[in-house]
Every structure is written in structure tokens, then in C-alpha cells.
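Quick look at what TrEMBL lists:
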DOMAIN    2-187  domain 'Glutamine amidotransferase type-2'
ACT_SITE  CYS2  active site, for GATase activity
BINDING   LEU234, ILE301, SER375, GLY376  ATP binding site
SITE      GLU377  site 'Important for beta-aspartyl-AMP intermediate formation'
Amino acid sequence: MCGIFACHSHPDVNKFKPTALKLAKAVRHRGPDWSGSVISNNTILCHERLSIVGVESGAQPLTNADESIVLAVNGEIYNHRLVRKHLKTPYHFKTTSDCEVIIPLYLEYGLDAPKYLDGMFSFVLYDKKLDRTIAARDPIGVTTFYMGRSSAQPGPVYFASELKCLHPVCDTIESFPPGHIYDSKTDKMTRYFQPSWWDEMKVPSTPLDLKVLRETFEKSVRKRLMAEVPYGVLLSGGLDSSLVAAIAQRETLRQRKLAEEAGVTEESAEDMDKGEGLVGIDDENHLSTMTFLPQLNSFSIGLPGSPDNKAALEVAKFLGTKHHVMTFTIEDGLNALSDVIYHLETYDVTTIRASTPMYLLSRKIKAMGIKMVLSGEGSDEIFGGYLYFHNAPNKAEFHEECVRRVKNLHLADCLRANKSTSAWGLEARVPFLDKEFLELAMNIDPQEKMITKEKIEKYILRKAFDTSDDPTAEPYLPENILWRQKEQFSDGVGYGWIDSLKDNAELHVTDEMMKNPKPEWGSDIPDTKEAYWYRTMFDEHFPPSCASTVMRWTPKWSKQTDPSGRAIAIHQDKYEDA
């Protein structure tokens, strides 16, 4: 992940530049490899870079030949080779960066450019000739992105990867909506992402095809192995991360074998303009990468004896990954809480519980020289995997809740995965949120996803990777892992973690404080001492204007108020010590 900060149409941009650079520095943790900035007319774009693709030549902001287009991007464009190859007008690329394709796409398609991107991204592009700034965010909001304005100076519009860049100069800040593009010429947002499943009231009826479901997900993982630097997988031992790890391991071994057999050849600059000789997938869905690892690294974290670490070790041994187990103490987690909230920019209970272990693990991963990891976010939203989905009354409401959850991922699990890792200059990629996979999975008849006495949560995903009926097929996972019940990450790292958070909240928040919430909180009143404690820590870092970007994660169809999966009655402690 990278960090971006931009300001469109500042009245004195040269005087503002030192401030802009200081604000951009606030997200240097996201991109510690290089810093860049460009002023064009009255607009400034700043970029803090984490180099993963186009390592040697892809410094940003990027420009076209006459420097009339300036671009700052945070993200990865997985189909960049295909875009280069199929451009209508020949374009000479200055770099091997996957993100540079946004410039010729803008020149050809204008505001429709993001429709042709397959990846995770937030970008700001300035067109000097038209004095026009456009900004866009990927369809689901895997990358974090914000937009702000100042009532004291209403002309400029500000954009940034994180809130901490904006609140010193903006008093109105919003989370940039995923799947949208902003145009300064009209000062309007337009939704460019218009999938067939977007209307939650439209219940799909497409029959289930397990083979297509499996192959489409395998393709999604393959795309995300595009890298020129060492990468790994986050492996909790649950279904989702284990499937990602299994597919990544198969592809890594295949790539290594191909590299040993063929060696790596260099392509000419002319070929590169057509996408040849670069990392990424081609027309035949074949992956090209320069990263040939001797062994795929996998990582897990938990309290001593945690359910996740036990299961992750079993999966790693089965797959043959080089596994790294991190144990943390409750004291480690508690000591990190304020920093976690600073980096996450939220006070949502579920997000903070789950992010703290992920934040601690990301630091260890980056210290080992890994820059990118694959992660399993999104599966529970797509397939109704949270345990509260057991209580869905019918398939229409089940589907409606799945769509609602996917639409809100940018305020919950995507925010957690992005900011927990980016805090240490580590990038997380999420194969389940691939556009093509979403189009397929969200259109399956939701009756197939419903949880029954015979069908555990995410049954169809498990069944798609169950090879037990084919003795010639190599199994993806051990059977007990493939059919392991859902553990929310904050539960799976060790149940003592959540209990300790509640206990410590009791020490910090009195009954009297609960009766007298701060006036500036308005109607957004914490309903537990734990939530109150997190809100006070949030307030230490951010002004009240930032609170409007926060969403609280709560289960549906359930009387219990605690968002932990363990609090749902259906939960079974299968991996707990007796």
C-alpha cells in the first residue's frame, strides 16, 4: 500500500506546499520507500510509496509525455498487462508500474476509466489542460480513501488515504464512497461500479456450479500474486485464509518449477508498452512474476494455546509452507491499543478487537522483509459466514444482509485489513473481493448459502474445494480444516483477549461516566464500557469531525449485543483445550 494526499485548486498552492508535505508525511508508514510531489497550476499531488511492482521505475506521482496529466495512486492494477496490450491508441509508458495504465485509460475513456481497471485502488488524477481533478476508489473499497473540505476556505477539495492527513485542514470529512469517481468540473460523485447484484432486494436465482466457483476463486488468488518483492499469506487456520494459502502455495510451486525450467528472459521496451515482460496475468490467465520464493511464508498470531495458531500449524504442515507462529500477551495487546486506534481511525469494538493482533503480526512480518500478504477478508459477507446468519428467516433476507455487508466492507473488514498492515508498510491483498468472483458468487441462488442442520455456514465454498469424491485429485486442505466452524479473528486468537478488553474497560470507565457521555458525541452514544473506552482513545487522536466516517459492526437477527462470534449461541469451542 502507498499513501496519497492531494489538494485541488488551492488559492496559494506554493505557500501551501510545506503544509501539504507535512500532511503527506502523516501516512509515510504506508509508503516508506520513497516520497514524491508535483504541483500543477493550483493543484498539488503528494505520494508516499511502497514499491511492489515497477520497483525501480515506478516512483510517483506519474506523468504522461508532456506532463499535462499527473497521477497519484494507492493500489494494485492486476490487469495492467491486458490494458497495455488492448489500448486503442498506442501509448509509450515511462515506467513498468502497473498503475501507469490509468493515464492512457483516462485519455481514452475519461470518467469511465475506472470501469476498465481490475484491482484495488484509490487515485487522484489532475488534467492540467482542463484544470480538472478526478478521483476514484476501487469497487468495494479495499483501499482506504477520504475526501474533505474546509468551511473557512470553501474552494479547495482535499483527498487522502487516511483521516490523519485531512483533519488539520478540513472540518468536513467523508469516507470516499467505493465504486465512485469524483469530477471537479461538476463537483459531483458518479457511481461507475454497477454490478448486477447491487440491488439487495433483487434475489438472484443462478444455479450453483461448484467447478466454476472453485476455478474463478483460483484465478482471483493467482492475479494477486503479481509482485517483484517477497510475499506471504496470513493463515489463521480458518476456512478462508486456508483456502487462499492452499491456492497460493500451488501457484508458487508451479511458478518456481517454470522458472527453474525456463529461466527469466528480458523483454524490450517496445514489448513492455504492450504489457510483455511485466509481472501480472495475461490473456490466457497465466501469471508472470519475478518473485520466485524458495518457500511460501505463512503467518499466524494468537495468545499462547490459541485456536487459530493450532489450526494454522496443521494447515501449514499439510501445505508445506514455511510457517511463522507469533504469540502475543494480553499486555502486548493492551499496550498497543492507542496506537491501533490511531492507525485504524475508528472506535468500532469489533474492528479494534480484531485489528490489534493483526497490527502486531504485521510488524513482525515486515521485519522479516515481506512486503505483501494475501488475506481472507470478504468471504463471510459474500457467503453469509458469520454465525448470526444461522438466524436468517428466509433466503431473501439472507441475501439482503449479504449485499449490505459487502457494501459496508470499506468501513469494517477492509478498513481493518488495510490499515492494520499499512501501519508497518505492509500490503494486504484480498482475493475474495475480486470483481469477477463477486459477480459470480453474489448471483448464486441464496438458498444454496442458507445454513441448515445439514449444511454448515459457507457450505458451498467448502464443497467447491472438497475433493474427497475424487481419489485422483490432490486435496486442497485437511478435511477437519475444510469443515471447521467459523471463528471471528478476535475470537480465534484466544478467547482471553476479548475478556481482558472488557475487564480493562471496567477499570477505565465508571458507571458515572456511562451516565454522562460527552456532549460532542451527540446521538452516537457508546452502549458498553469497552465501546466508551475506545471512543475516548479515538478522541485523543481525532477531532469530532472525524467521527462521521465510523460505522459500528453489529450482528442482525440476534438479541445479544456483543459482536463476538463466540456470543452467538450456535458457536462450538472445537479447538479449545478441554
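Just so it is clear, glycine is given a Cβ too, placed from its N, Cα and C backbone atoms.
Annotated pair SER375 (ATP binding site) and CYS2 (active site, for GATase activity), C-alpha to C-alpha distance, rounded: 18 Å. In this structure the alpha carbons, written CA, of the residue listed as 'active site, for GATase activity' and GLU377 (site 'Important for beta-aspartyl-AMP intermediate formation') are 20 Å apart. Rounded to a whole value, the Cα-Cα separation of ILE301 (ATP binding site) and GLU377 (site 'Important for beta-aspartyl-AMP intermediate formation') is 16 Å.
Rounded to a whole number, the distance between the Cα atoms of LEU234 (ATP binding site) and GLU377 (site 'Important for beta-aspartyl-AMP intermediate formation') is 11 Å. The Cβ neighbour count for SER375 (ATP binding site), using a 10 Å radius and every protein chain shown, is 25.
Taking the binding-site residues LEU234, ILE301 in turn, the residue surrounded by the fewest other Cβ atoms inside 10 Å of its Cβ turns out to be LEU234. Around GLY376 (ATP binding site), the same-chain residues at least 6 positions away in sequence with a Cβ under 8 Å from its Cβ are LEU234, SER236, GLY238, LEU239, ASP240, SER241, LEU243, VAL244, VAL430, PRO431, PHE432. Note on GLU377 (site 'Important for beta-aspartyl-AMP intermediate formation'): other Cβ atoms within 10 Å of its Cβ, all shown chains, come to 27. Spread of the ATP binding residues is 15 Å (greatest Cα-Cα distance among LEU234, ILE301, SER375, GLY376). Confidence in the domain 'Glutamine amidotransferase type-2' (2-187), given as mean pLDDT, stands at 96. The Cβ neighbour count for the residue listed as 'active site, for GATase activity', using a 10 Å radius and every protein chain shown, is 28.
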